[in-house]
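Participant: The following block contains the structure, expressed as structure tokens.
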Amino acid sequence: MRSAAVLALLLCAGQVTALPVNSPMNKGDTEVMKCIVEVISDTLSKPSPMPVSQECFETLRGDERILSILRHQNLLKELQDLALQGAKERAHQQKKHSGFEDELSEVLENQSSQAELKEAVEEPSSKDVMEKREDSKEAEKSGEATDGARPQALPEPMQESKAEGNNQAPGEEEEEEEEATNTHPPASLPSQKYPGPQAEGDSEGLSQGLVDREKGLSAEPGWQAKREEEEEEEEEAEAGEEAVPEEEGPTVVLNPHPSLGYKEIRKGESRSEALAVDGAGKPGAEEAQDPEGKGEQEHSQQKEEEEEMAVVPQGLFRGGKSGELEQEEERLSKEWEDSKRWSKMDQLAKELTAEKRLEGQEEEEDNRDSSMKLSFRARAYGFRGPGPQLRRGWRPSSREDSLEAGLPLQVRGYPEEKKEEEGSANRRPEDQELESLSAIEAELEKVAHQLQALRRG
């Protein structure tokens, strides 16, 4: 009996354990599973979609497990995006490094090629310099030989040069001489070390042309007077430039290359013109002489002129760097103009300050004088005031005393008012002058600031 009872109890217990217990947690899970099934069926049935109910949406949104799963998926997507970005950036940096290396290699190759080209160019340039030196020596020798052989055939070229000098206009000769002197640089520049054969040939041709022109000009007395006047004007201009003070010409020191060659040319021209004046002053004597005597005189004159002018080409016309000289001259002229402007500005400022000081002193003196006069008058009135009172005390009933006491005060009051009006009228133009001076000073300061900015720029 007992065994049967135990078996019955065991069977009952097994049945009880096999039956499901409907707990609230199980109900929620079942609802979530149903909603998931609906969503899956909706996604699978795309041609004919089956819509998900609103209750399923709410249950899925409220379930934390589904939210965590979705967040996890989003994190995975973000990590994938970051990984892709990192890979792209690495590839870009590698490309940059490779491009930079390529550029460096190209630059190094270019530098090496340029160095090779420079070496290849310097070798023939040194050869050219040596050849130019040899050519210049040969040209000097040939020039000396031609100078020695030239006096034999002088009379005919002299006549031709005279005819050409008479035919040429004075204005054209002036222009040609100025061009000849301006186009050739001075000999004192350090950069022009080696004279070329072309420069020496040009110098010889120029000396011959100057000699011929001066001889042609010797036949024109009016032209000689013009030349003398021009020389006097040039000397006056040079003297004025030398007399400029150091304050106005600070940039004169900046010129390290004085044009000595030009001065030598001017000396040669003055001597040749003096010779030409002597020749023109004695036309009758030359006509009276024989043609042989004329030829000898002209021969001696030409020798002297050639000896004087031979000194000039050796120092002048070295190199062909007229462009650099022109640039230096332009720069120096600009600096000279700037210095003149600054000196003028300084002078104007000094004058304005001196005028202001004088005006201030005059105003102070006027104020002192007026204050002294007023104090003196006040004292005078103070001392004279008791007079009528005493008189009134002595004779109070007299009418004449009262009139005498009242008149001076009234009469003396009028000139004071007149003087004050005159002082105010005089002060008005003074105030206007001060205002105009202050405006001029402000404009000068603005101009000075602009010049400083331009210099710094």
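Placed from the backbone N, Cα and C atoms, the Cβ positions cover glycine too.
As annotated in Swiss-Prot:
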- 1-18: signal peptide (SIGNAL)
- C35-C56: disulfide bond (DISULFID)
- 41-59: region 'O-glycosylated at one site only in cerebrospinal fluid' (REGION)
- 88-440: region 'Disordered' (REGION)
- S142: phosphoserine (MOD_RES)
- 171-180: compositional bias 'Acidic residues' (COMPBIAS)
- 181-191: region 'O-glycosylated at one site only in cerebrospinal fluid' (REGION)
- T181: O-linked glycosylation site (CARBOHYD)
- 182-191: compositional bias 'Polar residues' (COMPBIAS)
- T183: O-linked glycosylation site (CARBOHYD)
- S203: phosphoserine (MOD_RES)
- 229-249: compositional bias 'Acidic residues' (COMPBIAS)
- T251: O-linked glycosylation site (CARBOHYD)
- S270: phosphoserine (MOD_RES)
- S300: phosphoserine (MOD_RES)
- G319: glycine amide (MOD_RES)
- S371: phosphoserine (MOD_RES)
- M372: methionine sulfoxide (MOD_RES)
- S398: phosphoserine (MOD_RES)
- S402: phosphoserine (MOD_RES)
- S424: phosphoserine (MOD_RES)
- S424: O-linked glycosylation site (CARBOHYD)
- S438: phosphoserine (MOD_RES)
- R456: arginine amide (MOD_RES)
Participant: Quick test of the contact rule: Cβ under 8 Å, at least six residues beyond the ends. What residues does that give for the region 'O-glycosylated at one site only in cerebrospinal fluid' (41-59)?
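Facilitator: For the region 'O-glycosylated at one site only in cerebrospinal fluid' (41-59), the nonlocal Cβ contacts are 28, 31-32, 34-35.
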Participant: Cα of C35 (disulfide bond) to Cα of S300 (phosphoserine): how many Å, rounded?
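Facilitator: Pair distance, Cα basis, whole Å: 134 Å.
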Participant: Could you tell me how many residues in the region 'O-glycosylated at one site only in cerebrospinal fluid' (41-59) are helical, how many are strand and how many are coil under DSSP?
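Facilitator: Counting residues per DSSP class in the region 'O-glycosylated at one site only in cerebrospinal fluid' (41-59), I get 10 helix, 0 strand, 9 coil.
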Participant: Distance check, please: Cα of S142 (phosphoserine) against Cα of R456 (arginine amide), rounded to an integer number of angstrom.
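Facilitator: Answer for this pair: 54 Å between alpha carbons.
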Participant: How many Å separate the Cα atoms of C56 (disulfide bond) and R456 (arginine amide)?
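Facilitator: For C56 (disulfide bond) versus R456 (arginine amide), the Cα atoms are 81 Å apart.
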Participant: Return the residues near S300 (phosphoserine) by Cβ distance under 8 Å, restricted to its own chain and a separation of at least 6 in sequence.
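Facilitator: Set apart from S300 (phosphoserine) by at least 6 residues yet with Cβ under 8 Å, there are none.
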Participant: Could you tell me which of these recorded positions, C56, M372, has the greatest number of Cβ atoms within 10 Å of its own Cβ?
Facilitator: C56
Participant: At the Cα level, what's the spacing in Å between R456 (arginine amide) and S438 (phosphoserine), rounded?
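Facilitator: Taking the Cα atoms only, R456 (arginine amide) lies 27 Å from S438 (phosphoserine).
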Participant: Give the helix, strand or coil assignment DSSP yields for S142 (phosphoserine).
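Facilitator: For S142 (phosphoserine) - judged by DSSP and reduced to three states - the answer is helix.
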Participant: How big is the gap, in Å, between the Cα of the residue listed as 'methionine sulfoxide' and that of S438 (phosphoserine), rounded to a whole number?
Facilitator: 30
Participant: Quick one: what's DSSP say for C35 (disulfide bond), helix, strand or coil?
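Facilitator: Helix, per DSSP.
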Participant: For S438, R456, listed as modified residues, tell me which one has the smallest number of other Cβ atoms within 10 Å.
Facilitator: R456
Participant: At a 10 Å cut-off from the C-beta of C35 (disulfide bond), count the other C-beta atoms across all protein chains.
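Facilitator: If we count other Cβ atoms within 10 Å of C35 (disulfide bond), we arrive at 20.
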